[in-house]
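The disulfide bond annotation in TrEMBL covers Cys238-Cys240, Cys271-Cys274.
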Amino acid sequence: MGRLLRAISDNKTINMIAIDSKDMVEEARKVHQCTPVATAALGRVITAGTMMGVMMKEKNAKLTLQFKGDGPLGLLVCVSNSQGDAKGYIAHPEVNLPIRINDRKLDVSAGVGTKGTVSVIRDLGLKEPYIGQYPLTNGEIAEDLTAYYANSEQVPSSVALGVLVDVDGTVKSAGGFIVQLMPDASEEDIEILERNLRGVLSISHMLDEAERLEQIMEVILGELGMNVVEERQTRYFCDCSRERMERALISLGRYELEQLLMEDGQAELTCHFCNNRYLFQEKDLKELILASRPK
Ligand SMILES: [Zn+2]
């Protein structure tokens with residue numbers, strides 16, 4: 001389980017959300033068999049996606065956060081909802097890269113790439129989802145999202161994300177925060193916030209040193225005041241099911257299903273987010289063919 005807190009400053013001009021996502025990122029690492037740099041990249045995307053999901057006020061809203069860069073890790077996706085569930089996908093979890101020389105950190109930027117786009121799709125249950133997109137800044141995920149918020153949504157924000165990977169490859173700590181300014185935030189509020197942000201260690205190091213989320217938020221909001229408005233448990237959770245897979249197969253149409261039946265005699269589908277396998281045997285396919293429409 002992850003733990004997430006939302007807080008607001010005394011004068012209600014600054015919103016902050018923070019998460020300890022260690023368990024979620026470790027689950028993602030295990031599901032996808034990630035190398036350290038893949039764990040860091042996917043972990044940052046899941047950490048951000050979970051917070052962005054909970055930031056949606058609509059009860060059954062769904063969010064897809066997608067990084068499409070030109071690096072060797074390929075596509076990175078997090079699908080989350082406003083209840084705190086999130087699942088992730090990475091195209092090439094097996095890619096390993098050397099530690100970056102100048103700061104001895106996992107080279108997420110080299111893995112994700114610096115050319116490409118970050119996309120945010122919010123499905124609020126209306127006819128059309130809201131889609132926002134912005135070019136990548138440096139492929140480090142947090143800076144890309146800060147730029148996305150400023151330019152695509154016109155919300156001044158500070159996004160911090162961190163994943164520490166232990167020597168044995170497991171997740172040592174993971175977390176992040178997003179601070180956003182309301183339109184009526186004063187210059188003074190902004191100055192205080194910027195000064196506080198400059199003074200803090202990386203979020204993953206703070207969490208690794210067993211600091212609680214409350215303490216981290218108190219340090220960042222400082223004299224602006226920290227008032228918790230929501231606390232929530234979050235989890236790595238995949239909602240795939242045999243019924244969903246059946247619907248996906250049916251949507252292929254009768255002709256495709258008949259081809260599958262003839263050529264393979266069965267169909268095996270693997271969920272991209274949890275690697276669960278769903279096997280449809282000959283009799284299952286025949287039933288689906290009956291349920292499908294001729295195309
Ligand atoms: Zn699944």
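Every residue gets a Cβ built from N, Cα and C, even glycine.
Location within the structure of each feature annotated in TrEMBL.
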{"residue": "Cys238", "record": "disulfide bond", "Cβ within 10 Å": "18"}
{"residue": "Cys240", "record": "disulfide bond", "Cβ within 10 Å": "18"}
{"residue": "Cys271", "record": "disulfide bond", "Cβ within 10 Å": "18"}
{"residue": "Cys274", "record": "disulfide bond", "Cβ within 10 Å": "19"}
Here the Cα-Cα span from Cys274 (disulfide bond) to Cys238 (disulfide bond), rounded to a whole number of angstrom, reaches 6
Whole-number Å distance separating the Cα atoms of Cys240 (disulfide bond) and Cys271 (disulfide bond) is 7
Cys238 (disulfide bond) sits from Cys271 (disulfide bond) (Cα to Cα, rounded, in Å) at a distance of 9
